[in-house]
Every structure is written in C-alpha cells, then in structure tokens.
Amino acid sequence: MLLQFVHQFGQKLTRKQLLEPIDESERPVAHLNTLNLVNVGVGRMLIVGIYILAGALAKFIAGPATIISFLVAAMFSILSGLCYTESGAWVPRSGSTYFYSYVTMGQVYAFIIGWNSILLLFTGTAALARASSYIFDSLIGNHISQALQETFSLQLPYSLATYADFFALGLVLLMTGLRLLGARESILVTKISIGINILVLIFITITGFIKGDLHNWKLTEQDYKLNTSGSRDIYDGRTRLTHFLSLSFSHRSLGPLGSGGFAPFGFEGILQGTATCFYYFFGVDVLATKGAEAINPHRSIPWSILITIFICFLAYSGVSVALTLMVPYYLIQPHNPFPQAILHSLWLPATYITTIGTLCALIFRLHTAVFKMPTLIYTMAEDGLLFRVLTRIHVCTGIHVLAMMSAANLAGIMALLFRFTDLVDLVSVGTLLIYSLVAFSILVLRYQPDQNLRKNENTEEEIEMPVPDEHPLDSEPEARNSNILKSLWFPISTIPTRKSGQIVYGCASLLVLLMIILSLILVQWSSQGFSGDSKYTPVAVLLLLLIIGVMVIIWRQPQNPIPLYFKVPALPLLPLVSIFVNIYLMMQITSGTWAIFGIWNVVG
C-alpha cells in the first residue's frame with residue numbers, strides 16, 4: 001500500500017504538460033529577424049543596476065579587474081544561452097522557461113524553475129527600488145538615509161539593512177498602485193527607458209576615457225596614503241553610508257584594501273565578482289523563447305544571443321573601466337559611484353547629468369519590472385502549482401489582482417529590509433541555479449527516446465515498441481549484471497531506449513553530485529592559494545577522474561536523432577562545463593544569501 005502511494009506520488013511529480021493542438025490561424029507568424037531579436041535582448045538584459053553595483057564590485061571585490069569578472073560571466077552566459085536555445089527548440093511554441101520545462105521534464109522540475117523565477121522577478125524589482133532610493137537620496141544630499149537611520153535603525157543580523165528604507169517601499173507601492181488602477185505597460189516608456197540607459201552608459205564611458213588616468217590601475221600603498229590624506233575632507237560627510245555598504249562586502253574581500261594594482265583582491269576576488277556579474281546577463285531566456293516568431297530560428301536565435309551578450313558586455317565593461325580610471329578603486333563611493341567619480345575628476349556639470357539620467361532610467365525600469373511580476377505567478381496558479389485563488393482577475397481592468405498584490409508585497413518587504421548588494425546576490429544565485437537546471441535538462445533530453453508532447457498523439461505506440469536492448473539472458477542475474485555493465489560502454493541500440501535514457505539520467509545526477517563536492521573542495525583549496533602539497537590535491541584529482549569516467553559513459557549512449565532547429569554542440573561536454581561553472585560560482589555567494597535562498601525554496 002505504501003509503495004503504491006509512493007509510486008503514484010512520484011508519477012504526479014514527474015507528470016508532464018501536453019501541448020494543446022492549435023489551429024493554423026492561431027499559430028504565430030514568423031516576423032523577427034536577427035536585428036529585431038537583438039533589440040529585444042538588449043532591452044531585457046541591459047540592467048540599470050550597474051550604476052550602483054559597479055562601484056561596490058570595484059571597491060570591495062575585484063578592483064579594476066571587474067572587467068575580467070564581466071568577461072568571464074559573459075563567456076559562460078553564452079554557454080547557458082546555447083542551452084536555452086535548444087530548450088526552446090524542443091517545444092514548438094512561444095512560452096517561458098517554466099513552460100518548456102513543464103512540457104519536457106515534468107511537474108516538479110518546472111515548479112523549481114518557476115518558483116525561483118518568481119524570486120528573481122520580485123527580488124530584481126526590489127533591487128531597482130533600492131537603487132533608485134540611493135540615487136535620489138544622493139541627489140538631495142543624503143537627507144533621507146540620515147533621517148531613516150536615526151528614526152528606523154535596525155539592529156538586525158548582517159543580512160539585513162541597517163535601516164528600513166521606506167522610500168524604496170513607497171516606490172514599489174506607487175508603481176503597484178498605478179498598475180492596479182488600470183495603467184498599462186507602455187512600449188513608449190520601455191523605449192524611453194532603454195534610450196536613456198544607453199545614453200547615460202555612453203556618456204559615462206566617454207567621460208571616463210577623457211578624464212581617466214591609467215595610473216589608477218597601478219596603485220601602490222604609497223598612492224593610497226597620499227590619496228586618503230588629501231581626500232578625507234571631501235568624503236568625510238559620506239562615511240556612514242559607505243561603511244554601511246562596505247559591511248556587505250568586507251567579509252568577501254581578501255583585505256580592506258587588497259594589494260593594489262589591477263587585481264588587488266587576486267583570483268578569488270575576480271571569481272567572487274563573476275558570481276555577482278551573472279545577474280547582469282540574465283535575459284537570454286527571452287530570446288530562446290522566440291523560436292516560433294523568428295524567421296530563421298536556427299541562425300537568428302543563437303546569433304542574437306551572442307550579439308546581445310557581446311553588446312551588454314561592452315556596456316558593462318565600459319562603465320567599469322571608466323569608473324576605475326577616473327578614481328582610485330578604494331575611494332569609490334559604492335552607493336552612487338559615477339557622479340562621485342566624475343566630481344572627483346572636477347567636472348561638476350556632468351555630475352548632475354549622470355545622476356538625473358541614472359535616476360530616470362531606474363524609475364522607468366522599475367515601472368516595467370512591476371508590470372511584469374504577476375504573469376508567471378498567474379500561469380503557475382492556473383496550472384495548479386500555486387494556489388488557485390491567485391488566478392483571480394479584476395472584472396473592469398482585467399488585472400491579475402491577487403497575483404499582483406502578492407508579488408508587490410514581497411518586493412516591497414525586500415526593498416524595505418534588505419541591502420541592494422544582498423538583493424543582487426540573491427538574484428545571482430537564483431540565476432545560476434536556473435542556468436544549471438536548463439543545462440541539465442538539455443543533457444538528459446538528447447539521450448531520451450521519442451517523447452509525446454501533444455495531446456492528440458497516440459501514447460500506446462511508444463509503450464508497445466520493442467526495446468532493442470532486451471536479451472534472453474536477462475533472466476539470469478549474472479548475465480543481467482554483465483549485460484548492464486556492457487551496455488554502459490557498448491550500447492546495443494543506435495537509437496535511445498528507455499534503459500539508455502535511465503542510464504544517462506542516473507549518470508547526469510551523479511555528475512552533479514560529484515561537481516558539488518569538487519566545487520566545495522576547490523573553494524577551500526583556493527583559500528590556501530591552491531598549494532601543491534595540500535591535502536585537497538589527491539581528492540580533487542580523484543573526483544576529476546570520476547567525472548571524466550561518468551561523462552564518457554554518457555557520451556557512449558545513443559542520442560535522439562530528432563531534427564531540431566538548433567542543437568548544443570559537443571554534447572555532453574558543453575552542458576557539463578556550464579553546470580560545473582555555475583555550481584562553482586554559486587559557492588562564491590555568501591552564507592547569508594544562501595540562508596535566505598534556502599528558506600525561500602523550503603517554503604516553496
């Protein structure tokens with residue numbers, strides 16, 4: 001009885017959503033070329049939070065080597081983008097990563113991706129509200145933060161802010177109120193936001209190259225003493241807020257100032273910066289889900305992802321280079337770095353242009369983010385994975401009222417109580433997890449037998465198909481064990497079978513476990529400078545050999561010959577490299593962020 005219950009429960013967890021048949025008249029018309037897709041991708045991926053985070057990254061984590069962190073994040077985001085592209089190719093419909101996972105991998109897999117995507121949506125919104133609060137506060141002389149610090153100071157654990165930011169909460173509630181009153185998402189507002197964002201980025205980059213000094217990449221201890229003694233009066237009025245933000249990063253740096261030069265916090269600082277920088281390349285899913293609307297999806301989708309990531313890398317690295325050239329990294333003001341850096345270069349008018357432009361871009365982006373929050377919540381509730389009451393729609397405005405209010409309340413609480421840097425870390429760990437799950441799904445799907453994705457297909461035919469690797473000797477235990485071991489290295493069938501699919505699923509799961517252990521060891525080993533005589537060396541080598549052996553077993557299994565408009569090359573290597581890098585970078589995230597992330601998933 002118990003076994004039957006467990007079996008039925010397991011079947012429910014792995015149940016897949018079948019595609020509804022659609023009429024030809026309802027099928028989306030292919031109208032997007034590569035340029036159109038790049039416009040969509042840049043608009044989604046070019047995140048205005050860079051105006052805040054670039055300063056904290058340079059000052060406390062990576063120094064001028066922040067550009068290397070962005071480069072590494074961009075390179076491995078391309079791998080994730082390729083996996084996303086194949087994920088979209090498996091399901092010939094427009095949708096989301098959650099929808100594609102539900103169709104191809106099953107209910108529990110889709111819920112994990114959907115639940116963490118909801119976290120990214122409202123946490124990203126809270127981060128935008130908090131960043132807007134910082135910029136506006138700086139514009140009026142820090143009066144808001146000083147008043148809130150005195151009135152609503154929070155003596156809470158280090159994961160939370162030192163004061164409750166009611167201004168950020170008010171921004172979230174204001175945008176939510178506008179939506180509930182019937183305001184629509186405006187394409188014009190979105191275009192204005194993107195335009196202002198690009199203009200400010202170009203202005204900052206040009207200013208940095210004009211006013212910058214290459215000596216700021218070659219700083220020594222003597223330079224630090226000279227700069228701080230001459231700059232103390234300028235920055236003394238901002239000491240408290242700088243100290244408040246520095247608490248977010250001080251436990252993650254190798255020292256209060258690093259060792260100077262281009263990479264003052266060393267290799268570990270670059271990796272920690274890379275883990276945070278992944279947040280700024282989240283958005284490739286928007287392009288991967290446009291396969292049904294793209295004119296030549298086999299070319300336009302992968303190329304648009306590559307071009308979009310390259311453009312965003314140029315933008316992010318440009319402002320990071322400009323910032324670290326204009327001002328020594330240890331004098332950067334992390335709460336509002338660019339206006340202060342330009343002021344440090346004695347160009348006062350440009351300071352106001354940058355501040356106002358940045359604030360406008362943040363407010364417009366916050367407006368767009370609030371409007372997009374309830375969609376996924378409504379979809380999951382409609383599928384029965386969240387409470388059905390969240391599907392309630394207002395009769396007059398047609399708005400998902402409860403889904404909107406639930407997301408807004410969560411975003412408002414996060415903006416009120418959490419620091420901007422912790423919100424970004426939370427988005428980063430969620431992004432890396434979703435990237436890993438998508439890569440894992442591609443690794444598994446390519447080795448599975450044909451699946452029925454539509455409701456009108458006959459499922460009985462596949463069930464009754466003879467399995468080519470069955471053998472009469474399977475009735476004898478010794479022969480059966482020998483046959484299983486032989487099938488690991490020399491599969492009998494040239495097309496995927498149920499057994500070969502199970503082998504790949506088991507091996508892929510084992511690889512993830514081995515990679516987690518290896519990543520933990522490497523993190524501990526890196527703290528010792530990767531010493532050759534370390535006790536971790538033989539363990540790491542052994543794990544690496546096991547990973548290679550299991551990967552070869554997967555490589556030997558037959559792949560599904562199904563024609564897709566795009567397939568990830570070099571399978572199983574590229575998805576596994578993507579998974580390993582994502583896991584290793586997740587290990588760089590702070591323990592406080594992991595605690596919040598764990599609580600969120602346990603609640604789910």
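Each residue, glycine too, has its Cβ placed from N, Cα and C.
In TrEMBL this protein carries:
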TRANSMEM  37-61  transmembrane segment
TRANSMEM  67-87  transmembrane segment
TRANSMEM  108-129  transmembrane segment
TRANSMEM  160-181  transmembrane segment
TRANSMEM  188-210  transmembrane segment
TRANSMEM  303-332  transmembrane segment
TRANSMEM  344-364  transmembrane segment
TRANSMEM  395-420  transmembrane segment
TRANSMEM  426-445  transmembrane segment
REGION    456-476  region 'Disordered'
TRANSMEM  503-524  transmembrane segment
TRANSMEM  536-555  transmembrane segment
DOMAIN    566-604  domain 'Cationic amino acid transporter C-terminal'
TRANSMEM  576-600  transmembrane segment
Worksheet item: Do you know the DSSP helix, strand and coil residue counts for the domain 'Cationic amino acid transporter C-terminal' (566-604)?
Response: 27 helix, 0 strand, 12 coil
Item to complete: Tell me, please, if the transmembrane segment (67-87) and the transmembrane segment (395-420) are in contact, taking contact as 3+ Cβ pairs under 8 Å between residues separated by 6 or more positions?
Response: no
Item to complete: Answer with yes or no whether the transmembrane segment (160-181) touches the transmembrane segment (426-445) by the criterion of at least three Cβ pairs under 8 A, sequence separation 6 or more.
Response: no
Worksheet item: Between 37-61, 108-129, 395-420, 576-600, who has the most Cβ pairs under 8 Å to the transmembrane segment (303-332)?
Response: 37-61
Discussion item. Could you tell me the mean pLDDT the prediction assigns to the domain 'Cationic amino acid transporter C-terminal' (566-604)?
Written reply: 91
Worksheet item: Going through 37-61, 160-181, 188-210, 395-420, 576-600 one by one, which has the most CB pairs that fall under 8 Å from the transmembrane segment (503-524)?
Response: 576-600
Item to complete: Could you pull out which residues elsewhere in the chain have a CB under 8 Å from any CB of the domain 'Cationic amino acid transporter C-terminal' (566-604), counting only those six or more residues past its ends?
Response: 76, 79-80, 82-83, 85-86, 89, 111-112, 115-116, 119, 157-159, 251-252, 271-272, 274-275, 278, 297-298, 301-302, 422, 425-426, 428-430, 432-433, 435-436, 439-440, 442-443, 446, 508, 511-512, 515-516, 518-520, 522-523, 547, 551, 554-555, 559
Discussion item. Cβ pairs under 8 Å only, please: of the recorded stretches 37-61, 160-181, 395-420, 536-555, which one is richest in them relative to the transmembrane segment (188-210)?
Written reply: 37-61
Response to the item:
Given 160-181, 395-420, 536-555, the one sharing the most C-beta pairs under 8 Å with the transmembrane segment (37-61) is 395-420
